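Colleague: So Swiss-Prot lists the following for this protein:
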| type | residues | note |
| --- | --- | --- |
| BINDING | LYS268, ASP273, ASP291, GLU352 | Mn(2+) 2 binding site |
| BINDING | ASP273, ASP350, GLU352 | Mn(2+) 1 binding site |
| ACT_SITE | LYS280 | active site |
| ACT_SITE | ARG354 | active site |
Amino acid sequence: MSRDATLPVRGRVAELKLDKKLPKNIDAVVVALFTGEGDSPQLAGGNQLNAIFTNKQQSAILRQLEAVGAKGKANEITRVPGVEDVAPVVAVGLGSAEELDDEKLRRATGTVARSLSGFENVATTIGELGLSAAVTGFGLGSYSFKGLRRAGDDAAEEGVDKPLTVHFIGGDKDEFVAAQITVDAVVLARDLVNTPSSHLYPESYAVIAANEASRYGLKTEILDENQLATDGFGGILAVGNGSSRKPRLLRLTWKHRKASKHVALVGKGVTFDTGGISLKPGANMDNMISDMGGSAAMIATIIAAARLNLKVNITATIPMAENMPSGDAFRPGDVITHYGGLTSEILNTDAEGRLILADAMALASKDNPDYLIDAATLTGAQLVSLGLRTSGVMGTDEFRDTVATTGRSVGEQAWAMPLPEELDEEIKSPVADLRNVTNSRFAGMAAAGRYLQEFVGEGIEWAHVDIAGPAYNTASPYGYTPKRATGQPVRTFIQVLQDIAER
């Protein structure tokens with residue numbers, strides 16, 4: 001594996017620019033509409049809108065929009081040709097002006113961004129309604145991932161080979177740049193998750209991620225299978241032993257000289273999960289390329305923190321393994337010893353994520369951080385209880401609630417879940433300290449959280465985020481969220497770190 005390894009292919013997003021005035025040679029101007037009285041649309045905006053369009057031009061645009069039935073309803077897209085020496089207009093509805101918030105603006109701009117195939121240069125005044133939200137929506141909504149199809153293949157998505165530039169007219173430069181960094185972070189997480197396991201496996205993943213982090217001055221360290229064995233990382237080794245592509249542990253470190261707090265990030269990095277000896281059904285197993293979504297989120301988050309120069313020390317600990325059945329695979333009935341000495345009885349090899357997280361969380365706890373956040377596509381029970389779009393957040397009460405509330409505030413749905421004490425009896429083993437699953441079909445998400453709690457150091461504020469559903473969208477695109485990798489919950493974690501840094 002070359003030390004210079006990079007992702008074999010990256011997704012494409014629009015180039016976002018901040019301009020003081022309307023550039024020349026614009027293909028279209030994107031405007032926003034509110035729903036007015038009697039369902040008649042109203043142009044949304046003020047100074048920026050007036051800087052581009054005269055009152056006469058605005059009236060002509062509204063007449064055209066009304067003529068083709070535009071109402072200004074949320075996420076409604078309407079196109080009209082240019083009038084009064086104005087470029088063609090693409091209008092997106094925002095609904096009621098009184099009910100507009102950042103998430104509605106993100107979803108609307110994401111929706112319109114997905115509709116701009118075939119355009120090369122567009123300008124927009126929507127930034128004056130909320131620049132950060134608009135940049136996020138346009139950036140993430142414009143994302144496309146061609147994958148490894150050959151150039152010029154007829155199967156390529158329409159417009160994917162025609163780059164789009166979006167010009168925001170006016171706004172604060174610092175806010176614009178910070179929003180771009182967040183977009184870049186989500187895109188990196190999406191690209192990592194979308195990369196097939198043939199190309200992203202523990203060894204390559206560790207090198208690719210380390211190279212990405214090194215570009216922004218982060219300290220990197222990679223432990224191979226021999227070092228993992230020497231240091232006693234029994235969970236990572238057990239899960240990865242069935243594969244010919246051996247496990248790795250990646251450590252990334254960001255330090256700020258004025259920081260007073262230390263945050264540990266841990267992300268599940270199972271680059272492909274067959275279930276091991278407890279083999280998964282074949283249907284939809286291809287989606288298991290996403291089983292490293294938690295690790296991708298943490299890698300992207302710590303890089304964004306460095307780029308934003310956040311005044312907080314951060315260490316990301318990323319266990320990476322491929323869970324495969326073979327003559328060398330771990331088995332139900334095995335007992336493994338984790339980093340730090342706790343032992344686990346294996347009842348199901350498809351509950352592997354918590355085993356590698358346990359090692360990583362025990363190591364992260366040795367650094368005595370103030371906060372520990374882990375993220376993982378961990379349980380099917382998360383999908384059953386909260387669905388495809390809402391993460392389950394567990395942990396110490398106050399910090400758990402903070403992370404869940406922050407997620408909702410940035411538009412990444414999250415809900416605080418309990419860790420009932422009675423589950424402790426169900427994760428006890430007669431032959432080890434713990435068992436990796438219970439004998440009950442109930443409370444699977446909480447039981448996994450209760451298991452992980454055993455590996456969190458005393459006095460550490462902790463949040464465990466189960467993203468089994470939200471990390472990978474198997475349904476249709478919506479708002480600024482594409483099909484396949486979503487990049488959740490990167491924006492949540494960036495905001496949590498910003499809040500900690502500013503205290």
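Each Cβ is built from the backbone N, Cα and C atoms, and glycine gets one as well.
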Colleague: Do you know which of the recorded positions LYS268, LYS280, ARG354 has the most other C-beta atoms within 10 angstroms of its C-beta?
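Modeller: Of the recorded positions LYS268, LYS280, ARG354, the most buried by Cβ count within 10 Å is LYS268.
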Colleague: Which of the recorded positions LYS280, ASP350, ARG354 has its Cα nearest to the Cα of LYS268 (Mn(2+) 2 binding site)?
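Modeller: For LYS268 (Mn(2+) 2 binding site), the closest Cα among LYS280, ASP350, ARG354 is found at ARG354.
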Colleague: Would you please pick out, from the binding-site residues ASP291, ASP350, the one with the fewest other Cβ atoms within 10 Å of its Cβ?
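Modeller: Sparsest of the binding-site residues ASP291, ASP350 by Cβ contacts within 10 Å: ASP350.
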Colleague: Looking only at C-alpha atoms, tell me how far LYS280 (active site) is from ASP350 (Mn(2+) 1 binding site), rounded to the nearest Å.
Modeller: 8
Colleague: State the Cα to Cα distance, in Å, between ARG354 (active site) and ASP291 (Mn(2+) 2 binding site), rounded to an integer.
Modeller: 12
Colleague: At the Cα level, what's the spacing in Å between ASP273 (Mn(2+) 2 binding site) and ASP350 (Mn(2+) 1 binding site), rounded?
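Modeller: Taking the Cα atoms only, ASP273 (Mn(2+) 2 binding site) lies 8 Å from ASP350 (Mn(2+) 1 binding site).
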Colleague: Give the sequence-ordered set of same-chain residues, not counting LYS268, ASP273, ASP291, GLU352, with Cβ within 8 Å of the centre of the Cβ atoms defining the Mn(2+) 2 site.
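Modeller: Other same-chain residues with Cβ inside the cutoff are VAL239, VAL270, MET288, MET292, ALA321, ASN323, GLY353, ILE356, ALA376, THR377.
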Colleague: Using C-alpha atoms only, work out the spacing between ASP350 (Mn(2+) 1 binding site) and ASP291 (Mn(2+) 2 binding site) and round it to an integer in Å.
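Modeller: With the alpha carbons as reference points, the distance is 12 Å.
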Colleague: Excluding near sequence neighbours, so keeping only residues 6 or more apart in the same chain, what lies with its CB under 8 A of GLU352 (Mn(2+) 2 binding site)?
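Modeller: Residues satisfying the criterion: VAL239, VAL270, ASP273, GLY276, ALA321, ASN323.
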Colleague: Where does ASP291 (Mn(2+) 2 binding site) sit in DSSP terms: helix, strand, or coil?
Modeller: helix
Colleague: Could you name the residues, excluding ASP273, ASP350, GLU352, of the same chain that surround the Mn(2+) 1 site, i.e. Cβ within 8 Å of the Cβ centre of those residues, in sequence order?
Modeller: VAL239, VAL270, THR274, GLY275, GLY276, SER278, LYS280, ASP291, ASN323, THR349, ALA351, GLY353
Colleague: Need the DSSP three-state call for LYS268 (Mn(2+) 2 binding site) to compare against my parser.
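Modeller: LYS268 (Mn(2+) 2 binding site) sits in coil per DSSP, no helix or strand.
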Colleague: With every protein chain in view, how many other Cβ atoms are within 10 Å of the Cβ of ASP273 (Mn(2+) 2 binding site)?
Modeller: 26
